[in-house]
Amino acid sequence: MSSQPTLFWHDYESFGADPRRDRPSQFAGIRTDLDLNEIAEPVEWFCQPADDFLPHPDACLITGITPQDAQKNGVPEAEFIANIHSELSQPNTCSLGYNSLRFDDEMTRHTLYRNFYDAYGREWQNGNSRWDLIDVARTAYALRPDGIEWPLNDQGLPSFKLEHLTAANGISHEGAHDAVSDVRATIALARLIREKQPKLYEHLFALRNKHKVSDQLDLVSRKPVLHISGMFGAARGNAAVVVPLAQHPTNKNGVICYDLMVDPAELGSLSAEEIRHRVFTAQAELSQPRIPLKVIHINRCPVVLPVSMVDEKVEARTGIGLQTCREHWKVLSALGDITSKLQAVFSEPSDGVAGSDDPDLMLYGGGFFGHHDKDQMEIIRETPAEALSELEPAFQDPRLNEMFFRYKARNFKDWLTGEELQQWDEYRWQRINDPAVSSLTPEQFNQRLVELSQTELSQRDQAILEDVVLYVESLVPSHLF
């Protein structure tokens, strides 16, 4: 008998903003039924920091979690992620949070990867799925804003920060950027949106299924759709009418789309390289407008809706001009088949990390592990710490030997041999000082400390920074930063 479907709301706090290079500090999760009633006790774990990275002082100031706190209250990363995986992989679980697809799920994937778990299985196996409330909030603002207060930021634009939305709507959120508090606040916001706009909520919940998304992105008819994404910006209500143009050349879950508010005529005359430059270069570095091509990932719960949902109120709220979109769609249709050109634009990785040769950063750049290596990885996870030094796995993937050494050193340093300890010290010193793999070098840490010292800091913040400095001095000789 299958278990009932549940929602597992969760949130990470971390020692930095990059889920590939930085490490988690805290995790909290609450399981509810589909009606958002809590059905289990909340879970919370802290993660002990390994000594091969520097915590970002800003991250510690935001969360209030120092490395000493995590060391005292936490468990090694291998145990930390094992606990999390146990929750996320329960059958019929939809895992979700607030901005979880961009941050929390990436933190989960990379932490699973470093610790020899399948980075993806828990997302789709055994009836599982994932979702993200932030795009639900953005869609409610753009299409069905009634019944919810929408706060503005300093620029006079709608703010979708969780703490701003909860404050504007009278939702208790004491201790923002504490994982448990953030999870409860996210659930409360979900209840509000579900209560005020139940049909919209249920429709978006169904888009967890990538086949439902794919059905709306017709590459034959190229029928335009309404797409909600933070990439469009709050000034546009995070909304645009886009047209699906081509399958991504290397990602079967990616569909290349174009924003119809911009004249597409240049797509016919420009080369793939010229288009690529104007897609992946920041606007500030361009002398011409960026070309608004975008990849919609059907397995990331994107909001794609019928254009019929754009009425006069939505046009006024988002700046979408349906007549302009119709005219540009005709221009695009007259260009003929530009599929090959567009696929050439996206054929090379646009992210520098994708080309890294450091195993920690090769989750996406190194391919999937084969069955043989997965068996070896399971043996590693099940081997007691004291026996790991005797284990000699026969890997096929070239990433895994180095990953195994790092796994032992990060989680079970007391069991390393003298030779391994020396090797580890050499490695971690190299890593900490390499800006290609470290998100914060000693020089950058010191520079940020100087900047913070020139601001007004509360006693709380001063105490946190003092602890962070003491911790970093234990890793890096003070005269070197």
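Heads up, the Cβ atoms here are built off N, Cα and C, so glycines get one too.
The Mg(2+) 1 binding site annotation in TrEMBL covers D11. Its Cβ placed at the centre, D11 (Mg(2+) 1 binding site) has 27 other Cβ atoms within 10 Å.
Marked as Mg(2+) 2 binding site by TrEMBL: E13, D182. Annotation for E13 (Mg(2+) 2 binding site): same-chain Cβ neighbours under 8 Å, separated by at least 6 residues, are P24, S25, Q26, F27, A59, T63, I65, H177, D178, A179.
Annotation source TrEMBL lists substrate binding site at E13, K161. The local packing around K161 (substrate binding site), expressed as other Cβ atoms within 10 Å of its Cβ over all shown chains, amounts to 14.
The domain 'ExoI SH3-like' annotation in TrEMBL covers 198-350.
Helix, strand and coil counts under DSSP for the domain 'ExoI C-terminal' (355-476) come to 81 helix, 0 strand, 41 coil. What TrEMBL records for 355-476 is domain 'ExoI C-terminal'.
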*asked:* Just to be sure I understand the packing, how many Cβ atoms besides its own are within 10 Å of the Cβ of D182 (Mg(2+) 2 binding site)?
replied: 24
*What does DSSP say about D182 (Mg(2+) 2 binding site): helix, strand or coil?*
helix
